Amino acid sequence: MLVLRLLNVVAPAYFLCISLVTFVLQIFVFIPSMFRDPSTTSLFSPALLHGALFLFLSANALGNYVLVIQNSPEDLGKDFNLGKGAEVADWLDGSRSPGSALPGTHFCRLCARVTQRHDHHCFFTGNCIGSRNMRNFIMFCLYTSLACLDSLVAGMAYISATLSMSFADPLAFLTLLPHSISQFFSGALLSSEMFVILMLYLWLGIGLACAGFCCHQLLLILRGQTRYQVRKGMVVRARPWRDNLQEVFGKKWLLGLLIPVQNVESSYHRQKEK
C-alpha cells in the first residue's frame with residue numbers, strides 16, 4: 001500500500017518532467033534546426049507549421065490532463081450508510097458494491113472515496129477514472145500519443161541531420177540505441193545527442209502505451225463496460241453502441257475532440273437532480 005501511495009505521487013511528477021523536457025527539446029532544439037535561413041522563412045514554412053501542430057497537441061494533452069484531475073469522480077459514499085463494520089470491510093477489499101442500484105461502483109483505497117462507473121485508478125494523474133472524467137482521460141491518452149509521435153518524428157529528423165545518418169532502413173531505428181551506446185562510451189557521441197536518442201525510445205514507449213490505453217477504453221465504451229466491471233466479471237445490460245458513446249462523449253463530441261472542455265455530467269448525477 002505504501003508503494004502504491006508513493007507511486008501515486010511520483011508518477012504525475014515524472015509525467016510533468018517528461019512533458020517539460022519534450023517541450024524544451026521541440027521548441028529550442030528541433031524546431032530551430034529546421035530553419036536553414038531564418039531571413040527567408042515564410043509564414044507557412046514547415047518549421048512554423050510543425051511548431052503550431054506541436055503546440056496544438058501539447059495544449060490538448062495538458063488541458064485534458066488538468067481536467068482529469070479536476071473532474072474527480074463523485075464520492076457516492078456519502079449517499080450510503082457505510083458505518084457498519086461488515087459493510088466497511090466489504091468496501092475496503094473491493095468485493096462488494098451496494099450497487100445493485102448502482103452497478104460498477106467501487107471504493108478506491110488511494111482516493112478514499114466511492115465512485116460511480118469506476119474504471120481504474122490512473123497513477124499518472126493521481127486520480128480515479130470514472131463517469132465524470134472518462135472522456136477527458138481518453139482525449140488525454142489520444143493527444144499524448146500524438147504528441148509523442150510528433151516528437152519522435154522531429155527527433156529522428158534532428159538525429160538524422162546531426163549524425164548524418166538515414167532511417168530509410170527499417171532496422172536503423174532498432175540498431176540505433178546499441179550503436180549509440182558504444183559510440184557514447186568511446187567518446188564519439190556527445191551526451192546531448194545521446195540524451196535525445198534515449199528520448200526517442202521513451203517517446204515511442206509512451207506513445208504506444210497511450211495509444212493502447214485509448215483503443216482499449218474505446219472498445220470497452222462501445223460495449224458499455226468499464227475495466228473494473230470486466231475484472232470483476234460483472235454483466236452489463238446490452239445497449240446500442242451509439243448510446244454508450246454518447247453517454248461518455250456527449251452530443252458535442254466534436255468540440256471536445258478539438259479543444260479540452262469539461263466532461264458531461266454523469267447519468268447518475270442527472271438522475272439525482274431530476
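The count begins at 1 with the first shown residue.
Each Cβ is built from the backbone N, Cα and C atoms, and glycine gets one as well.
Annotations in TrEMBL come from automatic prediction, not curation.
Quantities reported herein were computed from a predicted structural model and do not represent experimental measurements.
Here the transmembrane segment (12-35) has long-range neighbours at 41, 45-47, 50-51, 54, 58, 61-62, 65, 123-126, 147-148, 151, 154-155, 157-158, 161-162, 196, 199, 202-203, 206, meaning same-chain residues at least 6 beyond its ends whose C-beta is under 8 angstroms from one of its own. Positions annotated as transmembrane segment by TrEMBL: 12-35 (among others).
Taken from TrEMBL, the feature transmembrane segment applies to 47-68 (among others).
According to TrEMBL, the feature domain 'Palmitoyltransferase DHHC' maps to 103-229.
The transmembrane segment annotation in TrEMBL covers 137-159 (among others).
The transmembrane segment annotation in TrEMBL covers 196-222 (among others). Away from its own ends, the transmembrane segment (196-222) comes close to residues 18, 21-22, 25, 29, 119, 134, 137-138, 141-142, 144-146, 148-149, 151-152, 155-156, 158-159, 173, 176-177, 180, 230, 241, 244-245, 248 of its chain (Cβ-Cβ under 8 Å, at least six residues beyond either end).
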